[in-house]
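Peer 1: Below is the structure I would like to discuss, written out as C-alpha coordinates.
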(Lines of atoms letter the chains of each structure in order from A and count residues from 1; the text may use other names and numbers.)
(Lines give C-alpha, C1' and ligand atoms only; values in the text may rest on other atoms or scores of the structure.)
Protein backbone atom coordinates (compact mmCIF):
# COMPACT_ATOMS: atom_id res chain seq x y z
CA UNK A 1 0.00 0.00 0.00
CA UNK A 2 1.32 3.47 -0.81
CA UNK A 3 1.78 5.92 2.00
CA UNK A 4 -0.32 9.04 1.59
CA UNK A 5 0.52 12.41 3.03
CA UNK A 6 -1.26 13.26 6.24
CA UNK A 7 -4.34 15.47 5.81
CA UNK A 8 -3.05 17.42 8.79
CA UNK A 9 -0.09 18.67 6.73
CA UNK A 10 -0.01 21.79 4.56
CA UNK A 11 -3.25 22.60 2.76
CA UNK A 12 -3.33 21.61 -0.91
CA UNK A 13 -6.76 22.97 -1.88
CA UNK A 14 -8.12 19.54 -2.85
CA UNK A 15 -11.67 18.50 -1.95
CA UNK A 16 -12.97 14.96 -2.34
CA UNK A 17 -16.67 14.51 -3.04
CA UNK A 18 -17.83 11.04 -2.06
CA UNK A 19 -21.05 9.01 -1.87
CA UNK A 20 -22.37 10.77 -4.97
CA UNK A 21 -23.59 10.02 -8.50
CA UNK A 22 -21.52 11.63 -11.23
CA UNK A 23 -22.83 12.57 -14.66
CA UNK A 24 -20.73 10.49 -17.05
CA UNK A 25 -22.09 10.56 -20.59
CA UNK A 26 -25.50 8.88 -20.60
CA UNK A 27 -25.20 7.51 -17.07
CA UNK A 28 -25.08 8.51 -13.43
CA UNK A 29 -22.09 6.65 -12.02
CA UNK A 30 -21.31 6.16 -8.33
CA UNK A 31 -17.75 7.46 -8.00
CA UNK A 32 -15.71 9.93 -5.99
CA UNK A 33 -14.67 13.26 -7.52
CA UNK A 34 -11.56 15.23 -6.56
CA UNK A 35 -11.35 18.96 -7.34
CA UNK A 36 -8.66 21.56 -6.71
CA UNK A 37 -9.34 25.15 -5.69
CA UNK A 38 -5.69 25.95 -6.50
CA UNK A 39 -5.73 24.91 -10.16
CA UNK A 40 -9.50 25.32 -10.47
CA UNK A 41 -9.65 21.94 -12.21
CA UNK A 42 -10.92 18.43 -11.68
CA UNK A 43 -8.12 16.23 -10.36
CA UNK A 44 -7.20 12.71 -11.45
CA UNK A 45 -7.74 11.05 -8.07
CA UNK A 46 -5.75 7.87 -8.81
CA UNK A 47 -2.67 9.84 -9.89
CA UNK A 48 -2.93 12.18 -6.91
CA UNK A 49 -3.30 9.43 -4.33
CA UNK A 50 -1.06 6.69 -5.66
CA UNK A 51 1.58 8.64 -7.61
CA UNK A 52 1.80 11.95 -5.76
CA UNK A 53 0.81 10.58 -2.32
CA UNK A 54 -1.74 13.33 -1.78
CA UNK A 55 -4.72 13.29 0.53
CA UNK A 56 -7.56 15.82 0.15
CA UNK A 57 -7.95 18.69 2.59
CA UNK A 58 -11.59 17.75 3.06
CA UNK A 59 -13.87 14.85 2.23
CA UNK A 60 -17.54 15.73 1.67
CA UNK A 61 -20.22 13.03 1.89
CA UNK A 62 -22.99 14.03 -0.50
CA UNK A 63 -25.44 11.39 0.63
CA UNK A 64 -26.08 9.95 -2.83
CA UNK A 65 -26.80 13.27 -4.52
CA UNK A 66 -26.05 14.04 -8.18
CA UNK A 67 -22.92 15.91 -9.28
CA UNK A 68 -22.98 17.43 -12.77
CA UNK A 69 -20.86 19.97 -14.62
CA UNK A 70 -21.94 23.58 -14.15
CA UNK A 71 -24.74 24.56 -16.49
CA UNK A 72 -23.96 26.58 -19.63
CA UNK A 73 -26.46 29.21 -20.86
CA UNK A 74 -26.15 30.25 -24.52
CA UNK A 75 -28.79 32.98 -24.69
CA UNK A 76 -29.22 35.32 -21.73
CA UNK A 77 -30.36 38.87 -22.50
CA UNK A 78 -30.01 40.05 -18.92
CA UNK A 79 -31.04 39.12 -15.38
CA UNK A 80 -31.77 40.51 -11.94
CA UNK A 81 -32.84 43.90 -13.26
CA UNK A 82 -29.95 44.51 -15.69
CA UNK A 83 -30.38 44.36 -19.45
CA UNK A 84 -27.18 43.79 -21.46
CA UNK A 85 -28.70 45.86 -24.32
CA UNK A 86 -28.32 49.06 -22.32
CA UNK A 87 -26.16 52.15 -22.72
CA UNK A 88 -25.17 53.95 -19.54
CA UNK A 89 -23.64 57.41 -19.31
CA UNK A 90 -20.79 55.91 -17.32
CA UNK A 91 -19.97 52.60 -19.00
CA UNK A 92 -17.77 51.63 -16.07
CA UNK A 93 -21.05 51.21 -14.22
CA UNK A 94 -22.13 48.87 -17.03
CA UNK A 95 -19.13 46.67 -16.25
CA UNK A 96 -19.98 46.75 -12.54
CA UNK A 97 -23.56 45.68 -13.23
CA UNK A 98 -22.35 42.78 -15.39
CA UNK A 99 -20.21 41.60 -12.47
CA UNK A 100 -23.23 41.88 -10.16
CA UNK A 101 -25.22 39.68 -12.55
CA UNK A 102 -22.39 37.13 -12.61
CA UNK A 103 -22.40 36.81 -8.82
CA UNK A 104 -26.16 36.29 -8.72
CA UNK A 105 -26.40 34.09 -11.80
CA UNK A 106 -24.01 31.48 -10.43
CA UNK A 107 -26.43 30.85 -7.58
CA UNK A 108 -28.93 29.50 -10.14
CA UNK A 109 -26.47 26.80 -11.23
CA UNK A 110 -25.27 28.60 -14.37
CA UNK A 111 -21.47 28.73 -14.15
CA UNK A 112 -20.78 29.87 -17.73
CA UNK A 113 -22.86 31.78 -20.27
CA UNK A 114 -23.08 33.93 -23.38
CA UNK A 115 -24.38 37.41 -22.47
CA UNK A 116 -26.68 38.34 -25.34
CA UNK A 117 -27.31 41.70 -27.00
CA UNK A 118 -30.41 42.01 -29.19
CA UNK A 119 -30.72 44.12 -32.37
CA UNK A 120 -29.39 47.58 -31.55
CA UNK A 121 -27.66 50.60 -33.04
CA UNK A 122 -23.91 50.17 -33.73
CA UNK A 123 -23.02 52.54 -30.88
CA UNK A 124 -24.46 50.20 -28.29
CA UNK A 125 -22.58 47.14 -29.58
CA UNK A 126 -19.32 49.02 -29.78
CA UNK A 127 -19.56 50.39 -26.24
CA UNK A 128 -21.04 47.32 -24.52
CA UNK A 129 -19.21 44.39 -26.15
CA UNK A 130 -15.83 45.08 -24.48
CA UNK A 131 -17.52 44.37 -21.12
CA UNK A 132 -19.11 41.10 -22.26
CA UNK A 133 -16.10 39.17 -23.57
CA UNK A 134 -14.66 36.01 -21.97
CA UNK A 135 -14.08 36.69 -18.29
CA UNK A 136 -12.65 33.47 -16.86
CA UNK A 137 -8.95 34.11 -17.35
CA UNK A 138 -8.49 35.27 -13.76
CA UNK A 139 -10.10 31.99 -12.55
CA UNK A 140 -11.55 33.72 -9.49
CA UNK A 141 -14.39 31.65 -8.04
CA UNK A 142 -15.76 34.65 -6.17
CA UNK A 143 -16.49 36.40 -9.48
CA UNK A 144 -19.38 34.01 -10.04
CA UNK A 145 -20.63 32.94 -13.46
CA UNK A 146 -18.15 33.34 -16.29
CA UNK A 147 -18.80 34.91 -19.67
CA UNK A 148 -17.64 32.71 -22.55
CA UNK A 149 -18.06 35.61 -24.96
CA UNK A 150 -20.96 37.68 -26.23
CA UNK A 151 -23.85 36.49 -28.37
CA UNK A 152 -24.99 39.19 -30.82
CA UNK A 153 -28.57 38.33 -31.73
CA UNK A 154 -28.96 40.77 -34.60
CA UNK A 155 -29.19 43.20 -36.24
CA UNK A 156 -28.68 41.11 -39.43
CA UNK A 157 -32.18 39.63 -39.16
CA UNK A 158 -35.16 39.36 -41.48
CA UNK A 159 -37.70 42.13 -40.75
CA UNK A 160 -40.58 39.71 -41.37
CA UNK A 161 -39.32 37.49 -38.52
CA UNK A 162 -38.16 40.19 -36.14
CA UNK A 163 -40.15 38.98 -33.14
CA UNK A 164 -39.67 41.65 -30.47
CA UNK A 165 -36.65 43.20 -32.25
CA UNK A 166 -37.16 46.72 -33.59
CA UNK A 167 -37.35 46.36 -37.40
CA UNK A 168 -36.07 49.91 -37.89
CA UNK A 169 -32.53 48.90 -36.85
CA UNK A 170 -32.30 45.68 -38.88
CA UNK A 171 -29.68 45.78 -41.63
CA UNK A 172 -27.97 43.56 -44.20
CA UNK A 173 -24.30 42.63 -44.48
CA UNK A 174 -22.84 42.50 -47.97
CA UNK A 175 -19.20 42.45 -46.87
CA UNK A 176 -17.28 41.75 -43.69
CA UNK A 177 -16.71 45.50 -43.45
CA UNK A 178 -20.45 45.84 -42.79
CA UNK A 179 -20.12 43.49 -39.80
CA UNK A 180 -17.08 45.43 -38.54
CA UNK A 181 -18.93 48.73 -38.91
CA UNK A 182 -21.79 47.40 -36.81
CA UNK A 183 -20.02 45.57 -33.97
CA UNK A 184 -16.70 47.43 -34.09
CA UNK A 185 -13.64 46.05 -35.86
CA UNK A 186 -11.82 45.55 -32.54
CA UNK A 187 -14.66 43.34 -31.27
CA UNK A 188 -14.46 40.84 -34.15
CA UNK A 189 -10.74 40.90 -35.02
CA UNK A 190 -8.00 39.67 -32.70
CA UNK A 191 -5.02 42.05 -32.43
CA UNK A 192 -2.55 39.23 -31.69
CA UNK A 193 -2.41 35.46 -31.31
CA UNK A 194 -3.07 35.79 -27.57
CA UNK A 195 -5.91 38.28 -27.94
CA UNK A 196 -9.45 37.05 -27.27
CA UNK A 197 -12.24 38.96 -29.01
CA UNK A 198 -15.50 39.72 -27.15
CA UNK A 199 -17.87 38.22 -29.73
CA UNK A 200 -18.37 34.45 -29.57
CA UNK A 201 -21.56 33.97 -31.59
CA UNK A 202 -23.86 35.92 -33.88
CA UNK A 203 -27.42 35.15 -34.91
CA UNK A 204 -28.26 36.25 -38.45
CA UNK A 205 -30.69 35.38 -41.23
CA UNK A 206 -28.74 33.51 -43.93
CA UNK A 207 -31.00 34.71 -46.77
CA UNK A 208 -30.27 38.40 -46.14
CA UNK A 209 -27.54 40.23 -48.05
CA UNK A 210 -24.40 38.15 -48.59
CA UNK A 211 -24.46 36.57 -45.15
CA UNK A 212 -23.95 33.00 -46.34
CA UNK A 213 -20.74 34.03 -48.11
CA UNK A 214 -19.50 35.75 -44.93
CA UNK A 215 -19.84 32.71 -42.69
CA UNK A 216 -16.31 31.41 -43.42
CA UNK A 217 -14.86 34.80 -42.42
CA UNK A 218 -16.70 34.63 -39.12
CA UNK A 219 -15.56 31.06 -38.51
CA UNK A 220 -11.94 31.97 -39.26
CA UNK A 221 -12.14 34.43 -36.36
CA UNK A 222 -13.58 31.84 -33.97
CA UNK A 223 -17.10 33.31 -34.18
CA UNK A 224 -19.99 30.84 -34.28
CA UNK A 225 -22.67 31.55 -36.87
CA UNK A 226 -26.24 30.73 -35.79
CA UNK A 227 -29.28 30.87 -38.06
CA UNK A 228 -32.30 32.68 -36.64
CA UNK A 229 -35.03 35.29 -37.10
CA UNK A 230 -35.21 34.09 -40.65
CA UNK A 231 -37.39 33.29 -43.67
CA UNK A 232 -34.73 30.84 -44.89
CA UNK A 233 -35.90 27.98 -47.06
CA UNK A 234 -34.44 24.51 -46.66
CA UNK A 235 -32.08 25.33 -49.53
CA UNK A 236 -30.96 28.58 -47.87
CA UNK A 237 -30.33 26.79 -44.58
CA UNK A 238 -28.49 23.94 -46.27
CA UNK A 239 -26.20 26.42 -48.03
CA UNK A 240 -25.49 28.13 -44.69
CA UNK A 241 -24.61 24.81 -43.02
CA UNK A 242 -22.36 23.89 -45.95
CA UNK A 243 -20.52 27.21 -45.43
CA UNK A 244 -20.04 26.69 -41.70
CA UNK A 245 -23.25 27.46 -39.82
CA UNK A 246 -23.24 25.23 -36.74
CA UNK A 247 -26.13 26.56 -34.61
CA UNK A 248 -29.82 27.48 -34.81
CA UNK A 249 -31.19 30.16 -32.47
CA UNK A 250 -34.41 29.25 -30.57
CA UNK A 251 -35.65 26.62 -33.03
CA UNK A 252 -39.19 27.20 -34.41
CA UNK A 253 -39.45 30.70 -32.94
CA UNK A 254 -39.12 33.62 -35.38
CA UNK A 255 -38.48 31.46 -38.44
CA UNK A 256 -40.33 30.04 -41.43
CA UNK A 257 -42.49 27.20 -40.08
CA UNK A 258 -41.98 23.56 -41.01
CA UNK A 259 -43.84 22.74 -44.24
CA UNK A 260 -44.11 19.30 -45.74
CA UNK A 261 -42.80 20.53 -49.12
CA UNK A 262 -40.15 22.83 -47.71
CA UNK A 263 -39.05 22.09 -44.14
CA UNK A 264 -37.12 25.37 -43.80
CA UNK A 265 -34.37 25.64 -41.20
CA UNK A 266 -35.79 22.71 -39.24
CA UNK A 267 -35.06 20.50 -42.23
CA UNK A 268 -31.29 20.63 -41.75
CA UNK A 269 -31.71 18.61 -38.55
CA UNK A 270 -32.60 15.65 -40.76
CA UNK A 271 -29.88 13.16 -41.59
CA UNK A 272 -27.99 14.27 -44.69
CA UNK A 273 -24.89 12.68 -46.17
CA UNK A 274 -23.42 15.92 -47.50
CA UNK A 275 -23.68 18.23 -44.46
CA UNK A 276 -23.21 17.97 -40.72
CA UNK A 277 -26.30 18.64 -38.64
CA UNK A 278 -26.10 21.84 -36.57
CA UNK A 279 -26.77 22.32 -32.89
CA UNK A 280 -29.97 24.13 -31.95
CA UNK A 281 -31.41 26.03 -29.02
CA UNK A 282 -34.85 25.29 -27.57
CA UNK A 283 -36.78 27.40 -25.04
CA UNK A 284 -38.71 24.96 -22.84
CA UNK A 285 -40.74 27.48 -20.86
CA UNK A 286 -44.14 26.22 -22.03
CA UNK A 287 -44.81 29.57 -23.72
CA UNK A 288 -42.45 29.73 -26.69
CA UNK A 289 -43.10 26.10 -27.67
CA UNK A 290 -45.71 23.45 -26.96
CA UNK A 291 -44.27 20.54 -24.93
CA UNK A 292 -44.88 18.15 -27.84
CA UNK A 293 -42.94 20.48 -30.16
CA UNK A 294 -40.01 20.32 -27.74
CA UNK A 295 -40.13 16.51 -27.88
CA UNK A 296 -40.24 16.56 -31.69
CA UNK A 297 -37.20 18.83 -31.75
CA UNK A 298 -35.28 16.59 -29.35
CA UNK A 299 -36.07 13.40 -31.25
CA UNK A 300 -34.99 14.97 -34.54
CA UNK A 301 -31.37 15.32 -33.38
CA UNK A 302 -30.74 14.55 -29.69
CA UNK A 303 -26.99 15.17 -29.93
CA UNK A 304 -27.59 18.78 -31.05
CA UNK A 305 -30.29 19.66 -28.52
CA UNK A 306 -29.42 22.66 -26.29
CA UNK A 307 -31.77 24.15 -23.72
CA UNK A 308 -31.69 27.96 -23.47
CA UNK A 309 -33.80 30.45 -21.53
CA UNK A 310 -33.72 33.54 -23.80
CA UNK A 311 -34.29 35.22 -20.43
CA UNK A 312 -34.64 38.97 -20.07
CA UNK A 313 -33.55 41.26 -17.26
CA UNK A 314 -36.93 40.68 -15.59
CA UNK A 315 -35.79 37.31 -14.19
CA UNK A 316 -36.18 37.50 -10.43
CA UNK A 317 -38.34 40.67 -10.52
CA UNK A 318 -42.04 41.04 -9.55
CA UNK A 319 -44.80 41.36 -12.16
CA UNK A 320 -45.16 44.74 -13.82
CA UNK A 321 -44.09 46.89 -16.78
CA UNK A 322 -40.36 47.46 -17.24
CA UNK A 323 -38.47 49.71 -19.70
CA UNK A 324 -36.36 48.11 -22.43
CA UNK A 325 -34.01 49.64 -25.01
CA UNK A 326 -35.23 48.34 -28.37
CA UNK A 327 -32.93 49.65 -31.05
CA UNK A 328 -33.55 53.39 -31.40
CA UNK A 329 -36.53 53.58 -29.07
CA UNK A 330 -37.58 52.83 -25.51
CA UNK A 331 -40.56 50.58 -24.87
CA UNK A 332 -41.97 48.50 -22.05
CA UNK A 333 -42.00 44.76 -21.47
CA UNK A 334 -44.89 43.53 -19.34
CA UNK A 335 -44.16 40.64 -16.97
CA UNK A 336 -47.07 38.47 -15.86
CA UNK A 337 -45.82 35.40 -14.06
CA UNK A 338 -43.31 33.74 -16.38
CA UNK A 339 -44.80 35.40 -19.49
CA UNK A 340 -43.18 38.48 -21.02
CA UNK A 341 -44.85 40.46 -23.78
CA UNK A 342 -44.17 43.73 -25.55
CA UNK A 343 -46.56 46.27 -24.05
CA UNK A 344 -49.72 46.73 -26.11
CA UNK A 345 -49.21 43.55 -28.13
CA UNK A 346 -49.21 39.76 -27.94
CA UNK A 347 -45.57 39.57 -29.06
CA UNK A 348 -43.48 37.33 -26.80
CA UNK A 349 -40.51 39.27 -25.42
CA UNK A 350 -38.10 36.60 -24.23
CA UNK A 351 -38.65 34.66 -21.03
CA UNK A 352 -38.23 34.97 -17.29
CA UNK A 353 -37.42 31.33 -16.62
CA UNK A 354 -34.22 29.87 -15.15
CA UNK A 355 -32.15 27.25 -16.94
CA UNK A 356 -32.86 24.66 -14.24
CA UNK A 357 -36.59 25.24 -14.72
CA UNK A 358 -36.07 24.52 -18.42
CA UNK A 359 -34.34 21.25 -17.51
CA UNK A 360 -37.12 20.22 -15.14
CA UNK A 361 -39.79 21.09 -17.71
CA UNK A 362 -38.00 18.96 -20.29
CA UNK A 363 -37.75 16.07 -17.84
CA UNK A 364 -41.47 16.31 -17.13
CA UNK A 365 -42.55 16.62 -20.77
CA UNK A 366 -40.21 14.12 -22.40
CA UNK A 367 -39.83 11.34 -19.87
CA UNK A 368 -36.15 11.22 -20.80
CA UNK A 369 -33.41 10.38 -18.33
CA UNK A 370 -31.65 12.86 -16.05
CA UNK A 371 -28.34 12.40 -17.94
CA UNK A 372 -30.04 13.17 -21.28
CA UNK A 373 -31.64 16.32 -19.90
CA UNK A 374 -28.43 17.53 -18.24
CA UNK A 375 -26.40 16.99 -21.41
CA UNK A 376 -28.54 19.72 -23.01
CA UNK A 377 -27.07 22.29 -20.59
CA UNK A 378 -23.57 20.85 -20.14
CA UNK A 379 -21.69 18.72 -22.66
CA UNK A 380 -23.75 19.64 -25.74
CA UNK A 381 -23.40 23.44 -25.42
CA UNK A 382 -19.72 22.92 -24.53
CA UNK A 383 -19.23 20.99 -27.76
CA UNK A 384 -21.09 23.65 -29.76
CA UNK A 385 -18.79 26.30 -28.29
CA UNK A 386 -15.63 24.28 -28.99
CA UNK A 387 -14.96 23.77 -25.27
CA UNK A 388 -15.03 19.98 -25.03
CA UNK A 389 -12.75 18.78 -22.27
CA UNK A 390 -12.79 22.22 -20.62
CA UNK A 391 -16.46 22.86 -19.81
CA UNK A 392 -19.48 20.59 -19.58
CA UNK A 393 -17.63 17.52 -18.32
CA UNK A 394 -16.39 15.93 -15.10
CA UNK A 395 -13.27 14.51 -16.76
CA UNK A 396 -9.90 15.05 -15.12
CA UNK A 397 -8.30 18.28 -16.30
CA UNK A 398 -11.60 20.05 -16.97
CA UNK A 399 -12.56 23.20 -15.12
CA UNK A 400 -14.05 22.27 -11.74
CA UNK A 401 -17.40 23.99 -12.33
CA UNK A 402 -19.98 21.81 -10.59
CA UNK A 403 -23.62 21.71 -9.59
CA UNK A 404 -24.96 19.35 -6.94
CA UNK A 405 -28.58 18.27 -7.15
CA UNK A 406 -31.05 16.39 -5.04
CA UNK A 407 -33.52 14.27 -6.99
CA UNK A 408 -37.21 14.46 -6.13
CA UNK A 409 -40.18 12.63 -7.60
CA UNK A 410 -43.18 14.74 -8.59
CA UNK A 411 -46.13 12.86 -10.10
CA UNK A 412 -43.77 10.02 -10.93
CA UNK A 413 -41.27 12.27 -12.76
CA UNK A 414 -37.75 13.07 -11.60
CA UNK A 415 -37.14 16.73 -10.82
CA UNK A 416 -33.83 18.30 -9.83
CA UNK A 417 -33.34 20.59 -6.83
CA UNK A 418 -30.20 22.71 -6.77
CA UNK A 419 -28.23 22.26 -3.54
CA UNK A 420 -24.71 23.55 -4.22
CA UNK A 421 -22.65 25.30 -6.90
CA UNK A 422 -18.86 25.09 -7.25
CA UNK A 423 -16.77 27.36 -9.46
CA UNK A 424 -13.12 26.58 -10.21
CA UNK A 425 -13.02 24.01 -7.40
CA UNK A 426 -14.49 26.29 -4.73
CA UNK A 427 -18.00 26.04 -3.32
CA UNK A 428 -19.70 29.36 -4.04
CA UNK A 429 -23.36 28.68 -3.30
CA UNK A 430 -25.27 26.34 -1.05
CA UNK A 431 -28.49 26.43 0.98
CA UNK A 432 -28.63 29.25 3.53
CA UNK A 433 -28.69 26.72 6.37
CA UNK A 434 -25.35 25.35 5.21
CA UNK A 435 -23.42 28.59 4.77
CA UNK A 436 -23.06 31.80 2.80
CA UNK A 437 -23.41 32.00 -0.97
CA UNK A 438 -21.45 34.14 -3.42
CA UNK A 439 -21.47 37.73 -2.34
CA UNK A 440 -22.37 36.83 1.23
CA UNK A 441 -20.32 37.54 4.32
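Here the Cβ of each residue, glycine as well, is placed from N, Cα and C on the backbone.
Annotations in TrEMBL come from automatic prediction, not curation.
Per TrEMBL, the feature domain 'Amidohydrolase-related' maps to 66-412. TrEMBL lists 153, 229, 250 with the feature Zn(2+) binding site. What TrEMBL records for 164, 253, 254, 261, 288, 348, 349, 350 is substrate binding site. Taken from TrEMBL, the feature active site, proton donor/acceptor applies to 310.
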Peer 1: Among the binding-site residues listed here, 229, 250, 261, whose Cβ has the fewest other Cβ atoms inside 10 Å?
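Peer 2: Candidates: the binding-site residues 229, 250, 261. Fewest Cβ atoms within 10 Å: 261.
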Peer 1: What Cα-Cα separation, expressed in whole Å, is found between residue 261 (substrate binding site) and the residue listed as 'active site, proton donor/acceptor'?
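Peer 2: That separation, Cα to Cα, works out to 30 Å.
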Peer 1: Compared by Cα position, which of the recorded positions 153, 229, 310 is the closest one to residue 254 (substrate binding site)?
Peer 2: 229
Peer 1: Quick one: largest C-alpha distance among 164, 253, 254, 261, 288, 348, 349, 350, binding substrate per the record, in angstrom?
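Peer 2: Between the most distant Cα atoms of the substrate site, 30 Å.
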Peer 1: Output, ordered by sequence, the same-chain residues six or more apart from residue 348 (substrate binding site) with a CB under 8 Å from its CB, or 'none'.
Peer 2: 163, 164, 253, 287, 288, 339, 340, 341
Peer 1: Rounded to the nearest Å, what's the C-alpha distance separating residue 229 (Zn(2+) binding site) and residue 350 (substrate binding site)? Just drop the number here, would you?
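Peer 2: Residue 350 (substrate binding site) has its Cα 13 Å from the Cα of residue 229 (Zn(2+) binding site).
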Peer 1: Take the mean position of the Cβ atoms of 153, 229, 250, the recorded Zn(2+) site. Which other residues of that chain put their Cβ within 8 Å of it?
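Peer 2: Here the non-site neighbours turn out to be 75, 154, 157, 163, 165, 203, 226, 228, 249, 253, 254, 310.
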Peer 1: Consider the recorded positions 153, 250, 310 and say which one has the Cα lying nearest the Cα of residue 350 (substrate binding site).
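Peer 2: So, spelling it out, the nearest of the recorded positions is 310.
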Peer 1: Relative to the Cα of residue 349 (substrate binding site), which of the recorded positions 153, 250, 310 has the closest Cα?
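Peer 2: So, spelling it out, the nearest of the recorded positions is 310.
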Peer 1: Between residue 153 (Zn(2+) binding site) and the residue listed as 'active site, proton donor/acceptor', find the distance joining the two CA atoms and give it rounded to the nearest Å.
Peer 2: 11
Peer 1: In whole Å, how far does the CA atom of the residue listed as 'active site, proton donor/acceptor' lie from that of residue 250 (Zn(2+) binding site)?
Peer 2: 8
Peer 1: Would you find the one among the binding-site residues 164, 349 whose Cβ has the most company, meaning other Cβ atoms within 10 Å?
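Peer 2: Counting Cβ neighbours within 10 Å, the top one is 349.
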